[in-house]
Amino acid sequence: MAARLIDQYVSGFERVLRPLLGRVDATAARLARSVLWIDVPLARAMVYTLLAPVIWNALARLEYYTRVMSRLCGGRRRLACALLAVWIVSFSLYRDVMLLEGMRHTALQLPQFPYECLPIWLRHHLSYASVHAATRAAAYSLAAVGGVLVVSSFVQLGFFGTFLGDYFGMLLPARVTGFPFNTLEHPMYDGSTILFASQALYEESLIGLLLTMWVFLVYRVACIFEGAFTSRIYREAAAAATPKSFRDSRSKID
């Protein structure tokens, strides 16, 4: 049932965005031809992983500078942000499917993970069944940790805080410091990465772990750009909220 729903979603998403996805797939095919150790499923997973934060950050910055999405929604910022959220979730789900296909359908010949990756002396003392059971237990544990981080981050930030409401002028009243933000700087991204790692372990896919490392790298770069721009948004908002007389007096003192 779940597999059928996923197939229907993928086919519908591809039908609606055929021109865009056709160009992305062509780029992935060129990447696969250019790099010896990358095949098409792996290239698609890598390209869609890179594109996900690039597109949503580009759309958010376009809104911040031009308010084009808010204008198209008749000045309703919440509606515009909700539509961006729909895009983020939709594209991210499609990206997740591409990552799963990259894990399952790559033609690269790699050792069977994790058993064949263990030292020979250790394999003499462990059965395949015991290693398989331990791997599944680790996958479920990571899934629980990643899920807690993602859900708790969403609860702390709220809907609009999660989906870049800052870029639409909907600023949080104060910096979020509750769990998990008192433990990790980017718990939403970290939780998502951990979920990918849990899926790779569940699939017992060495390629999946390599793709998880790629996800981690892409998210880390996205955090650098998002963090700097979000800080700028709040600085500009604070400056605009400062009374003009106070700013003038500060400039005289300086």
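Quick reminder: no glycine exception, Cβ is built from N, Cα and C everywhere.
The S-adenosyl-L-methionine binding site annotation in TrEMBL covers ALA144, VAL145, GLY146, GLU226, GLY227.
Taken from TrEMBL, the feature intramembrane segment applies to 40-60.
For 1-39 (among others), the entry in TrEMBL reads topological domain 'Lumenal'. Mapped onto DSSP helix, strand and coil, the topological domain 'Lumenal' (1-39) counts 32 helix, 0 strand, 7 coil.
Per TrEMBL, topological domain 'Lumenal' is recorded for 61-72 (among others). Sequence-remote contacts of a segment are chain residues at least 6 beyond its ends whose Cβ falls under 8 Å from one of its Cβ atoms, and for the topological domain 'Lumenal' (61-72) they are 80, 83-84, 167-168, 229, 233.
Within the chain, the topological domain 'Lumenal' (161-203) has long-range Cβ neighbours (under 8 A, six or more residues past its boundaries) at 56, 60-61, 63-64, 69-70, 77-78, 80-82, 84-85, 88, 99-100, 103-104, 135-136, 138-143, 145-150, 152-154, 209, 211-212, 215-216, 219-220, 222-223, 230, 233-234, 237. Among the features that TrEMBL reports, topological domain 'Lumenal' is placed at 161-203 (among others).
The topological domain 'Cytoplasmic' annotation in TrEMBL covers 225-254.
As annotated by TrEMBL, transmembrane segment applies to 137-164 (among others).
Tertiary neighbourhood of the transmembrane segment (206-225): same-chain residues 42, 45-46, 49-50, 52-54, 57, 99, 102-103, 106, 108, 110-111, 113, 117, 185-186, 189-190, 192-193, 196-197, 199-200, selected by CB-CB distance under 8 Å and a gap of 6+ residues from either end. The annotation transmembrane segment is assigned in TrEMBL to 206-225 (among others).
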- [ ] Indicate the candidate from GLY146, GLY227 with the smallest number of other Cβ atoms within 10 Å of its Cβ, considering only these binding-site residues.
- [x] GLY227
- [ ] Sort the residues of the topological domain 'Lumenal' (61-72) into helix, strand and coil with DSSP and give the three counts.
- [x] 11 helix, 0 strand, 1 coil
Open item on the list: For the topological domain 'Lumenal' (1-39), give me same-chain residues lying six or more residues beyond its boundaries with a C-beta closer than 8 angstroms to one of its C-beta atoms, as numbers and ranges.
Closed with: 46-48, 51, 90, 93-94, 97, 106-108
